[in-house]
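Swiss-Prot lists 90-106 with the feature compositional bias 'Basic residues'. The feature disulfide bond is assigned by Swiss-Prot to Cys112-Cys125, Cys120-Cys136, Cys138-Cys147. If you look up Swiss-Prot, you'll see 108-148 marked as domain 'EGF-like'. Residues or ranges marked as region 'Disordered' in Swiss-Prot: 82-108. For 1-18, the entry in Swiss-Prot reads signal peptide. Here Swiss-Prot flags 19-167 as topological domain 'Extracellular', drawing on sequence analysis. Marked as topological domain 'Cytoplasmic' by Swiss-Prot: 189-212. According to Swiss-Prot, the transmembrane segment annotation covers 168-188, on the basis of sequence analysis.
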Amino acid sequence: MDGRVVLIHALLTAVCSAAVGKFGRDGPHGEALHNEVLLHEGGGVASVSATAPLLGGIVEKEGGGAASGDALSELPRVAFLSKPQGPVTPKKKGNGNKRRKGKGLGKKRDPCLRKYKDFCIHGECKYIRELGAPSCICQPGYHGERCHGLLLPVEHPPSTYDHTTALAVVAVVLSSLCLVIITALLMFRCHKRGVYDVENEEKIKLGITVNH
């Protein structure tokens with residue numbers, strides 16, 4: 001009967017050591033657990049090392065004496081003890097990120113949206129970072145630093161000088177032509193009258209001579 005109890009204890013010790021080793025490797029933060037296994041047997045407590053050899057170790061009760069009773073009723077109860085860990089205070093990263101985001105937005109913010117919102121009266125504001133001053137892109141028909149000046153279209157009346165000159169030239173040409181024609185007619189008439197007078201004089205002379 002003692003041999004069976006020893007064998008069962010050895011097998012349970014091996015299983016517990018394997019489980020403790022695996023749990024220690026897979027636990028959070030990779031820390032090893034306490035390497036001690038407590039065996040509860042019939043009201044007594046026995047301490048067994050997790051690295052004990054598989055065969056040859058006999059678990060003894062604190063009160064001493066050999067194990068007795070049924071093997072099924074004397075199966076050990078296994079409990080694991082772990083080292084207490086200190087409280088971990090989480091780092092506050094939210095405020096830092098918000099501050100950084102706020103600073104980044106402040107650098108990229110366009111002053112024309114707030115400070116120089118009403119700088120351009122009739123145009124679009126454009127902030128020039130190299131000069132550190134705003135500039136205005138004026139709408140058609142406006143000018144000035146703030147697009148406050150209005151350009152009024154000036155209509156030039158059609159010039160009548162060219163028409164007058166042309167009419168004067170045409171009048172002079174027509175007048176000259178008329179004068180030339182009139183002069184030619186007068187000369188032709190005078191010439192014809194002179195020829196007629198000469199013929200009459202000759203006829204008169206011839207008539208006088210015939211009468212004599």
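Even glycines carry a Cβ here, placed using N, Cα and C.
Everything Swiss-Prot records as a feature, shown here on the structure.
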| residue | record | CB count, 10 Å |
| --- | --- | --- |
| Cys112 | disulfide bond | 17 |
| Cys120 | disulfide bond | 23 |
| Cys125 | disulfide bond | 20 |
| Cys136 | disulfide bond | 22 |
| Cys138 | disulfide bond | 19 |
| Cys147 | disulfide bond | 20 |
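Residue pair Cys136 (disulfide bond) / Cys125 (disulfide bond) shows a Cα separation of 5 Å. Distance between Cα atoms for Cys112 (disulfide bond) and Cys147 (disulfide bond): 15 Å, as a whole number. Counting residues per DSSP class in helix, strand and coil order gives 4 helix, 14 strand, 23 coil for the domain 'EGF-like' (108-148). The two recorded residues, Cys120 (disulfide bond) and Cys147 (disulfide bond), show a Cα separation of 6 Å.
Here the CA atom of Cys138 (disulfide bond) lies 9 Å from the CA atom of Cys125 (disulfide bond).
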